[in-house]
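Asks: Checked Swiss-Prot, it gives:
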- 1-150: topological domain 'Extracellular' (TOPO_DOM)
- 151-171: transmembrane segment (TRANSMEM)
- 172-183: topological domain 'Cytoplasmic' (TOPO_DOM)
- 184-204: transmembrane segment (TRANSMEM)
- 205-233: topological domain 'Extracellular' (TOPO_DOM)
- 234-254: transmembrane segment (TRANSMEM)
- 255-270: topological domain 'Cytoplasmic' (TOPO_DOM)
- 271-291: transmembrane segment (TRANSMEM)
- 292-301: topological domain 'Extracellular' (TOPO_DOM)
- 302-322: transmembrane segment (TRANSMEM)
- 323-333: topological domain 'Cytoplasmic' (TOPO_DOM)
- 334-354: transmembrane segment (TRANSMEM)
- 355-364: topological domain 'Extracellular' (TOPO_DOM)
- 365-385: transmembrane segment (TRANSMEM)
- 386-394: topological domain 'Cytoplasmic' (TOPO_DOM)
- 395-415: transmembrane segment (TRANSMEM)
- 416-457: topological domain 'Extracellular' (TOPO_DOM)
- 458-478: transmembrane segment (TRANSMEM)
- 479-487: topological domain 'Cytoplasmic' (TOPO_DOM)
- 488-508: transmembrane segment (TRANSMEM)
- 509-531: topological domain 'Extracellular' (TOPO_DOM)
- 532-552: transmembrane segment (TRANSMEM)
- 553-561: topological domain 'Cytoplasmic' (TOPO_DOM)
């Protein structure tokens with residue numbers, strides 16, 4: 001595609017296909033880079049663009065897509081008999097009075113990868129239409145029980161992963177680097193939030209691609225995978241560096257001073273952790289998506305929880321190990337910290353070149369930074385709350401529960417966001433909401449009703465209390481933490497967790513539809529915001545809960561002491 005160049009496409013009826021492979025002669029002087037680039041397939045660019053040119057009635061112009069009214073009607077007539085969503089499908093969406101020729105799908109220059117990855121699924125060949133019909137049938141046949149059973153196992157796996165992360169954090173908080181360089185605590189929610197910024201976004205994006213039939217071709221599948229992994233590494237490196245800079249600033253504000261070697265250590269630890277953890281989790285996530293497709297499981301239900309099942313544990317363990325190692329080198333090997341940071345930052349241009357070669361990720365590479373960076377800033381504020389709370393010796397018990405409440409809330413809201421996004425991709429067009437999705441968003445609209453999105457919200461909310469009870473009891477059996485499970489503590493903790501997920505699901509219902517109405521892809525834009533809000537809400541509510549428990553006299557701290 002050339003949507004990012006602003007050059008229009010024109011249909012050629014009797015001309016031979018145009019070769020649009022990217023010329024990399026300009027960089028062939030670097031033999032290593034040339035070898036690396038030669039390993040990356042670029043066939044999908046030619047294939048996708050030529051299919052777009054051959055589509056009857058579709059002429060992409062710049063950032064927008066002009067669609068003929070009769071073709072749009074044909075698409076909706078095809079999918080309309082299978083529609084069993086939140087309400088009756090309103091035919092006004094396909095009214096001939098609507099000016100489709102003048103409609104800009106991508107809302108100006110803010111084009112999203114929805115168009116690069118999914119645009120021909122709305123108007124291309126019959127095979128794509130069949131894939132849409134098949135996907136909608138799968139969704140309409142999914143009952144609440146089947147949905148709950150599919151979500152339950154990965155939800156429990158993700159929960160035990162967050163429990164493990166909390167236990168690790170409870171141990172490493174006593175390490176020298178965490179005691180002498182408390183700004184590391186500010187990094188914890190931001191780096192763990194990369195799971196929501198990157199891993200869950202990747203899972204949701206690929207899940208949507210699977211459900212609309214865009215990963216049926218092996219060439220398209222591997223081009224999507226390689227492009228998304230390269231994009232994720234770029235984002236992880238940049239966000240890791242910015243998170244460290246923000247942590248240094250937040251640590252400098254209270255006292256008005258900082259040490260340069262500590263600032264370099266934070267930056268190097270953050271960048272290295274983000275890069276390594278993101279690469280490992282990305283490979284795992286690709287395996288989960290491909291495996292779900294082969295086994296017939298809806299990846300929307302399992303991909304996002306599994307993306308977080310061991311993500312927190314891996315990220316936290318890598319952060320603790322690298323930061324402690326670099327801290328030990330401060331005295332005699334001071335050059336190690338800057339060397340580590342420079343090494344990982346120097347690899348960023350390579351990933352940028354690879355990601356820019358794939359149409360599914362090229363647009364996100366230019367316009368997808370806003371949600372990722374904003375989410376990092378929101379998570380860092382949660383980290384500041386955690387750092388302040390941990391500094392109080394009476395409230396150290398919060399450490400073991402913070403990854404649990406944040407991780408569970410982020411997992412559940414990511415599932416809901418991914419399902420709503422898939423629903424919109426199947427039954428609507430970017431920039432236009434279904435008739436039943438218009439109006440004011442309130443809790444009753446989110447949780448009351450018989451639509452597929454209402455049912456999923458009900459199922460996810462019902463998992464909060466039993467899930468957290470299991471995880472609390474697991475922490476108790478493992479003798480971890482500094483707080484006993486008194487009835488008052490359990491009640492206050494469960495109330496905080498329930499309020500967090502309730503608010504997140506409500507916000508997700510509004511945010512996903514709002515982003516879709518703006519012509520952007522909710523898979524890339526909503527999940528980072530939602531998981532970051534989950535981190536902030538979870539940490540804040542947990543801190544308030546511990547303060548309340550301390551005030552009313554529930555101060556037992558013998559467990560794990």
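The backbone N, Cα and C atoms fix where each Cβ goes, glycine too.
Could you give the neighbours, burial and distances for every feature on this list?
Replies: Here the transmembrane segment (151-171) has Cβ contacts under 8 Å with residues 188, 192, 301-302, 305-306, 308-313, 315-317, 320, 399-404, 406-408, 411-412, 415, 459-460, 463, 467, 470-471, 474-475, 478, 480-482, 560 of the same chain, all six or more residues outside its ends.
Mean model confidence for the topological domain 'Cytoplasmic' (172-183) is a pLDDT of 86.
Residues 165, 169, 173, 177-178, 228-229, 232, 235-236, 239-240, 243-244, 246-247, 250-251, 266, 269-270, 273-274, 277-278, 281-282, 285, 288-289, 299-300, 303-304, 306-308, 311-312, 315-316, 319, 323, 371-372, 375-376, 379-380, 382-384, 386-387, 390, 402-403, 406-407, 410, 414, 417-418, 421, 523-524, 527-528, 530-532, 534-535, 539 of the same chain sit 6 or more residues outside the transmembrane segment (184-204) yet have a Cβ under 8 Å from a Cβ within it.
Same-chain residues lying 6+ beyond the ends of the topological domain 'Cytoplasmic' (255-270) with a Cβ under 8 Å from its Cβ atoms: 181, 183-184, 187, 190-191, 240-241, 243-245, 247-248, 319, 322-323, 326-327, 330, 334, 337-338, 340-341.
The list of residues near the topological domain 'Extracellular' (292-301) in space but at least 6 beyond its ends in sequence, with Cβ under 8 angstroms from a Cβ of it, reads 138-139, 142, 147, 150-151, 154, 203-204, 206-208, 210-211, 215, 415, 418-419, 422.
If one looks beyond the topological domain 'Cytoplasmic' (323-333) by at least 6 residues along the same chain, the residues whose Cβ comes under 8 Å of a Cβ in the stretch are 172, 175-177, 180-181, 184, 261, 265-266, 268-269, 273, 340.
Nonlocal intrachain contacts for the transmembrane segment (334-354), taken as residues 6+ away from its ends with a CB within less than 8 angstroms of a stretch CB, comprise 27, 33, 36-37, 40, 226-227, 230-231, 233-234, 237-238, 241, 261, 264-265, 267-268, 271-272, 275, 322, 326, 365.
In the topological domain 'Extracellular' (355-364), helix, strand and coil residues by DSSP number 8 helix, 0 strand, 2 coil.
Under DSSP, residues within the topological domain 'Cytoplasmic' (386-394) fall into helix, strand and coil as 7 helix, 0 strand, 2 coil.
Here the transmembrane segment (395-415) has Cβ contacts under 8 Å with residues 151, 155, 158-159, 161-163, 165-167, 169-170, 173, 188-189, 192-193, 195-196, 200, 203-204, 300-301, 304-305, 307-308, 312, 316, 382, 386, 389, 456, 460-461, 463-464, 467-468, 471, 475, 480-483, 493, 496-497, 500-501, 504-505, 507-508, 527, 530-531, 534-535, 537-539, 541-543, 546-547, 550, 557, 560 of the same chain, all six or more residues outside its ends.
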Asks: Taking residues 6+ outside the transmembrane segment (365-385), which of them lie with a CB under 8 Å of any CB in it?
Replies: 4, 109-113, 185-190, 192-193, 196-198, 231, 234-235, 238-239, 242-243, 246-247, 250, 352, 355-356, 406, 524-526, 528-529, 531-533, 535-536, 538-540, 543
Asks: In the same chain, who gets a Cβ under 8 Å from the topological domain 'Cytoplasmic' (172-183) while lying at least 6 residues past its ends?
Replies: 247-248, 250-251, 262, 265-266, 316, 320, 323-324, 327, 387, 390-391, 396, 399
Asks: Answer with yes or no whether the transmembrane segment (271-291) touches the transmembrane segment (458-478) by the criterion of at least three Cβ pairs under 8 A, sequence separation 6 or more.
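Replies: These two segments do not touch.
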Asks: Would the transmembrane segment (488-508) and the transmembrane segment (271-291) count as touching if the test is at least 3 Cβ pairs under 8 Å, pairs 6 or more apart?
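Replies: Answer no, regions not in contact.
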Asks: If we skip the immediate neighbours and take only residues 6+ beyond the ends of the transmembrane segment (532-552), which ones have a Cβ under 8 Å from one of its Cβ atoms?
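Replies: Beyond its ends, the transmembrane segment (532-552) has Cβ neighbours at 189, 192-193, 196-197, 374-376, 378-379, 381-383, 385-386, 389, 394-395, 397-398, 401-402, 405-406, 409-410, 413, 488-489, 492-493, 495-497, 499-500, 503-504, 507.
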